[in-house]
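Marked as ATP binding site by TrEMBL: 84, 102, 103, 104, 105, 106, 582. Positions annotated as coiled coil by TrEMBL: 627-654. What TrEMBL lists as compositional bias 'Basic and acidic residues' is 959-970. The feature compositional bias 'Basic residues' is assigned by TrEMBL to 984-998. Residues or ranges marked as domain 'SecA family profile' in TrEMBL: 2-726. The domain 'Helicase ATP-binding' annotation in TrEMBL covers 86-247. Residues annotated as region 'Disordered' in TrEMBL: 951-998.
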């Protein structure tokens, strides 16, 4: 293992050395020359011309980086460090740049963006929320504009027109969810003017900020656009009642019990429920059905399982909250509320029934994609984060992205202390309160990380109400009494009398007896514990002001987190609340100044206001004064900002002396990466700082994944909560538990991708066809329609005109009835004559007759109107069939794992069934389109042709974007001439194609 780790570090070192030689040194050599360039935009335009003439981006990289660095110096007052140039090169190469907090990832992105924008295909910078998208677009905007590039930003509230304009910009800042939903909506559009992404290169190059959050933490959450489905909501309430009546049992355990007990068992690790035979019988009786798992009752079985999962595995104020009569999901990674997002497969409705709130109708999926598959659609993608190396295997296997650890500009001096482990959660929380009190009294800022709303509010309550700490004091007192029971003498009797009223004890009361206690041993340890408890209670009584950041209190999240580095500040944050916000020691003067200006009516996000703030905070008074004059910022406001700057500077020095920001984790997360993210909030840019995690064996991670052997050992040794447990086996147990969970979660994500890949290939076919119909020329649309008519008629005819059957036995009545259902215009066709022809000739004749009828229909409606009808019909039939197909895939997936009991591989079964369903859907689309085109009646008010796209010329469709089921893209040709055989028509097509080539 050590050899592998050393090899990984050596590889990273070699990569960094290569970047210094190929990127940093050439860019630095150009700096003096670039500083003399008056017009940076003109110089950048020259680079663009060179690229258009054939120069590669790699050849242009040093100059592009040098120009971007100069633009940042001129318009932001910021210069890219050498290590930031390395970060930019890593992003350009489509890799992930792991950069520690405070190392300037936002600025680094400008280098790769500016370089790749030379291609003129649009670059997307993807962030995790609207605030960061807008902040970064406004903040970095001057750099891009200095190079002559346009910048767009998309917010949740943006209109289609605003989105279209933003995506047409050279650089677009957008959240991962808005981008994904825009892609799905574009593939549901029924006219080109409804599209918002670029027509030619919708997904060219993306730089994903907090890439681990989006591509790993969010990987299991699909983006879904849905519409209401038909399902009675009363059933959910009934299932919730039945779930209450069913009793939880214990699973089989070797040497203890062979069979499960109760009505059902729970597997918390996988969040799954298993009904026992007893439970199935009980449920069948309560539901009044026989065979709960028979095909006709599968829906009931599924709903009951979801009701039990809602009862046992999803907890209020941890997984969700109830607000204004609605169940709102809490993001398990950030602790933020996710209004509008709902659990799928009826689980959300089951939770609503459990909570007794109004049940929203279950939705049917209209379009869906996972982030895993969405970001793999980009020609090139890159990412930035502070924590990615631990997940490098997943990034490589699933996304083909390597991770490069970019060196910090200044050495990291944060101290990461060993974990403190307690037997119970109660003992752990008392110890956490003691540590917070100690740090608060010293004045050192503390950021406390919790894993749920419930835990953050519990800790906050303990800080607010000293009485909740009294059991800790009483326990410490009992331990001291036990340790000192053999001690005799007048002084000891006086001390015992004093200890009879523990809640009235003060520090000075105990100081008087210090000389009684020996310097070492159990008695000294018990005495120190008692003193600490008394001291902590005293601090709690004086009050520890603190801020709580969780899904319930998030309005000013970024501002609160930004000030978490001020002295005597205690901030309790759920997981990674405020991620992306810089915590500066002594407080963040920029946020304070921005809040002040906002109160005075200024737009804090306007780039000139932001630049003014940055200049003021940096002490660049002259430039700040010129901007203040332009913006109308009065002198008294400027003076207040100077005071803020000086106060933060003085406090920063105080905090440095105290050891910097201290990170206190109250629980280990399932993933080491999330723990590293929390730790990474301290020690930015070479600042001092510290971190420590408090863990108990009641924590979910330890309870579910720690070794039973370790827990049994602790029980045998009789550990209590008076002192932490220190044992190498415990430390190893924590590491192994995390590794186990990481491996399990990776396997789940891999399986999700495996299943989603089946749908992804089908989605690509459908979306390519839709795009061809939506944006293709009239000839291409007609070609697609004729192909469907031809395939449908040929399919019907071949089914009856079977070469293996004698012509006299062909059921021509059935053939006529089926064909007329699709092509009523063939009512006068002499079907009996088909018996005199070979089967393939009969098929040719019928196809020819249908195409002739189609030509007549086109003349009747006029070609322009026929094209509009074709687009309309094909898009509507495809969308309707795709919606139904997605529902069928959902149903298939819900039941596919039951096939594992029959010794069949669920994935292979799913793949086979999904392919069959897809082929059936394609056949159905062709038939329905043909039927509609021959039968559709056009009313007096004509259908207006779909408008051509108003912007960006549409390129010729790719070869793979073929009409449904047609093996080869047919060349365009004039309408079929009456009397020509199918073979003759094909000969004409070949000649037409040859002529076009010449």
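FYI, residue positions are counted from 1 along the chain as it appears here.
The backbone N, Cα and C atoms fix where each Cβ goes, and this holds for glycine too.
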Where else in the chain does the coiled coil (627-654) make close Cβ contacts, counting only residues six or more beyond its ends and a cut-off under 8 Å?
443, 565-567, 584-589, 592-593, 596-597, 600, 602, 608-609, 611-613, 615-617, 619
Within 8 Å of the centroid of the Cβ atoms of 84, 102, 103, 104, 105, 106, 582, which other residues of that chain place their own Cβ, given that this set defines the recorded ATP site?
99, 101, 107, 108
Give me the largest Cα to Cα distance among 84, 102, 103, 104, 105, 106, 582, the residues the record lists as binding ATP, in Å as a whole number.
17
Looking at the binding-site residues 103, 582, which one has the fewest other Cβ atoms within 10 Å of its own Cβ?
582
Counting Cβ atoms within 10 Å across all protein chains shown, which of the binding-site residues 84, 106 comes out on top?
84
Quick check: in three-state DSSP terms, what is residue 103 (ATP binding site)?
coil
Drop a 10 Å sphere on every Cβ of the binding-site residues 102, 104 and tell me which sphere holds the fewest other Cβ atoms.
104
Cβ atoms near residue 105 (ATP binding site) (within 10 Å, other residues, all chains):
24
